[in-house]
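Colleague: Feature annotation from TrEMBL assigns transmembrane segment to A:15-36, A:57-84, A:113-133, A:145-164, A:196-224, A:253-270, A:335-353.
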Amino acid sequence: MSVPYAKLPAWAEYGLIPLVNLAVAFLISGLVVLIVGESPLEAAYHMINGAFGRGEYIGFTLYYTTTFIFTGLAVAVAFHAGLFNIGGEGQAYVGGIGVALACLALDRTLPWYLVFPIAILGAAFFGALWAMIPGWLQAKRGSHIVITTIMFNFIAASLMNYLLNKVFKPLGSMSLETRTFEAGGQLPKLDWLMSIFGLSVGSAPFNISFLLALVAAFAVWVLIWRTKLGYEMRTMGHSPAAARYAGIKEAKIIVITMMISGGLAGMMALNPIMGEQFRMQLDFVQGAGFVGIAVALMGRSHPAGIIPAALLFGMLYQGGAEISFEMPSISRDMIVIIQGLVILFAGALEHMFRPAITRLVIGLSPKTRDVAATKGA
Amino acid sequence: MSELAIELKGIDKSFGLVHANRNINLKVRKGTIHGIIGENGAGKSTLMSILYGFYQADHGDIVINGQTVNIRDPNAAIAAGIGMVHQHFMLVENFTVLENIMLGAEESQILNAGITKARAELKRLEKEYALEVDPDAVIEELPVGIQQRVEILKALYRKADILILDEPTGVLTPAEADHLFRILGQLKDQGKTVLLITHKLREIMAITDEVSVMRRGEMVATRTTSETSVEELAELMVGRRVLLRVEKGEARPADVKLSVKNLTVRDSRGVTMVDDVSFDLRAGEIVGIAGVAGNGQSELLEAISGIRRAKSGTVLLNGRPVDVTGHADPAELRKCGLAHVPEDRHHVGLVLKFEESENAILGYHDDPKYRKGLTLDVDAIRAEAEEKIAAYDIRPPNPRLKTANFSGGNQQKIVLAREMERNPDVLIIGQPTRGVDVGAIEFIHRRIIEMRDQGKAVLLVSVELDEIRALSDRILVMFAGRVVGERAPDATEGELGLLMAGVEGPKEAAE
């Protein structure tokens, strides 16, 4: 009675429904392309080809995927504790400080494999610090985390603008960025991984932080489903009253959760700074923090869902860039529309096709109906 | 007399994979009180929701007064002369009685004309059915019994001939319930038809003319009330014979395990909910706290278990003071031998989205035996959950099933197994059998008595007076946050009812 729709088998729940949502999003995108006067099929071709057509393209797709795994995980961790961290953008941005400091200080003396762990800690530290303040404000002062994390994105942007201007910019330089790091501040590309599949990474910045992202995804799974802290986070996320009953310290969990979330967002900075540009530039996050929200929503806050969702958005970014390159009448904004539609159907309208699909699935398998019916309403 | 007010023919309703109503046939004669009983999840509420237009049946016809009608929404139900009094009242708290009755039936944008008309109509209804209510009283200032009367007036104002009441006595004192039954009798005499949904067999026996029993989405029987018995109805509901009386021996109270002194608790608005309450709870006894819901029992339990901060007072657990006015910590209290079965298992006692095994450690998840290095020992947790499932006959016996998929009775058993198997010194239980099916009630009552006989101190809060009387060795009655009297379990229902209503008997006056 209390559940409006019955449980679907896993293949329908995690396979069919997301695919249908995605298909509808692409269908409507196709209509928009048609209205602009271009061929949707051609656009689709450039999208797929641009994302997966060559080793280099795949490298770019996976580069973006890496970024989105980090920011997606950040949103997901907070989500499990019932916190909506919209501040991934700012936390990733501030996390860049940690990466930049480690690289600037050590790139001339240490090899990359020693600088990398320090940079990871630095990124996580600064990201966590930036998320801790809204977390503390929520825990102790009751300021709503959605509001404060949004505000902190703006504060982060101003702070970084100042720091890049006054602290990090080398004397005499005109552009707002740090100096370029030496070899110690440059992460190796994963050409060996690509070459296993007979592909070449080319100029794509597909680097070792991709592996770190996969490790982080596994670590998040362990944290959420296999540790006491994760258990307490989930209890609080599902039912704050039950958490209080169980003696779980709400304030403590909020602050720790936000720090883990912010730390993950901060680690995103490793990918563009140490993996691509070898310097910290103004506005290097480029909206990845917000895409993380969509990734977490689509991936249902589960690492096993976040990785494919991040791959999808990586594809949209890379393939989308290719479309606007090959088809000049389709601007970059069109890509934003497609991404928006994907978010709309996969996130906001997630349940739109559920009743129809439920009926269909039940109609196909009369056996499950009898089993469920004996359980009663 | 055999004219039918309602006839349901082959009503069928599924929610996805769940078949809530299957091929329901029901005939309700005009001018009768017809009871519908069944365990939780038997499909009573779904059936009534179909009748009132909240849901649409997948198949089947609804015939009202001989005409087949299509009830698409509640407006169509009202048009067909059906009124509903919900379990949780649908009243605007800060509106007056008159405003609530008019709501949705204002008739024009300018209210004045409507108000005059409504006032006159309300006067007439009050007279006709002896339902006195001050039309200008604000709802939140009225006792629940009167609020319910307003709900009934609302339905009558909309010209309802058929009145559906969903668990109407859950929030009433015995006296208020009696009054309600008198009102229902009057409605019947005026030719109205009443459908009464309840799980209380005694009410069915007291006021209905006919009774229909639902089980697992099916209508299993209809009986003439005067020709059936409580035992037969219980058996029809559960599908097997049920023991309705609890067998228990003499209590052997020993040392004081929990001592509450001058405890005062305020809610978030600053209203005093528990007012200077003192009592002792001894090992080997069950103390029952009787009272109408909302008289401070919930807040009392929360303060003792460390969930809600008290304003003042002291609590001694096993002789050790508990910091109830400051930093009492539920986790710490558990370690000191307090177990708590909360009143609201859906939001407090369980996390419905968790697997059964995850709920089986809620509150005790800190225990090192559930840990393996840095992570939780999932295998050990599941193995222990399976033991408890076997010991408490929790069905289905699957520790990995999502808790929301268990029935109310089995969910309650999950909580009881968790709290009782910890071997606590003090067990406090709120509403042990609320929303629990008859079959499980028997089991739960037996376990509570067993705990007492093992020398545990048991504090029991329940709004079911029968339950309090059956289980308790001493009964405290709470009214408006105060303990207004203590009685032995053989006190008459009338005596306890008066205390629960805040009417102090002559004995208190002398004290």
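Every residue, even glycine, has its Cβ placed from backbone N, Cα and C.
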Colleague: Report the listed stretch (A:15-36, A:57-84, A:253-270) having the maximum count of Cβ pairs within less than 8 Å of the transmembrane segment (A:113-133).
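Modeller: Ranked by Cβ pairs under 8 Å, first place goes to A:253-270.
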Colleague: Which range out of A:15-36, A:57-84, A:196-224, A:335-353 gives the transmembrane segment (A:145-164) the most CB pairs under 8 Å?
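Modeller: Looking at each of A:15-36, A:57-84, A:196-224, A:335-353 in turn, the most contacts to the transmembrane segment (A:145-164) are made by A:57-84.
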Colleague: Applying the under-8 angstroms CB criterion, which one of A:15-36, A:57-84, A:196-224, A:253-270 scores highest with the transmembrane segment (A:335-353)?
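Modeller: Out of the listed stretches, A:15-36 contacts the transmembrane segment (A:335-353) most.
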Colleague: Report the listed stretch (A:15-36, A:57-84, A:196-224) having the maximum count of Cβ pairs within less than 8 Å of the transmembrane segment (A:253-270).
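Modeller: Counting Cβ pairs under 8 Å, the winner is A:57-84.
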Colleague: For the transmembrane segment (A:196-224), find every same-chain residue at least 6 residues outside the stretch whose CB is under 8 Å from a CB in it, and list them.
Modeller: 54-60, 62-63, 65-66, 69-70, 73, 76-77, 80, 116, 120, 187-190, 230, 233-234, 260, 264, 267, 270-271, 274-276, 302-304, 306-307
Colleague: Would you kindly list the residues that approach the transmembrane segment (A:15-36) from elsewhere in its chain, counting only those six or more residues past its ends and only Cβ-Cβ distances under 8 Å?
Modeller: 8, 43-44, 298, 312, 329-330, 334, 337-338, 341-342, 344-346, 349-350, 352-354, 357, 361
Colleague: Using a Cβ cut-off of under 8 Å, list the residues of the same chain at least 6 residues beyond the transmembrane segment (A:57-84) that approach it.
Modeller: 49-51, 91-92, 127, 135, 138, 145-146, 149, 189, 194, 199, 201-202, 204-207, 209-210, 213-214, 216-217, 220, 223-224, 230, 233-234, 236-238, 240, 253-254, 257-258, 260-265, 267-268, 271-272, 275-276, 288-289, 291-293, 295-296, 299, 301-303, 306-307, 309-311, 313-315, 317-319, 322
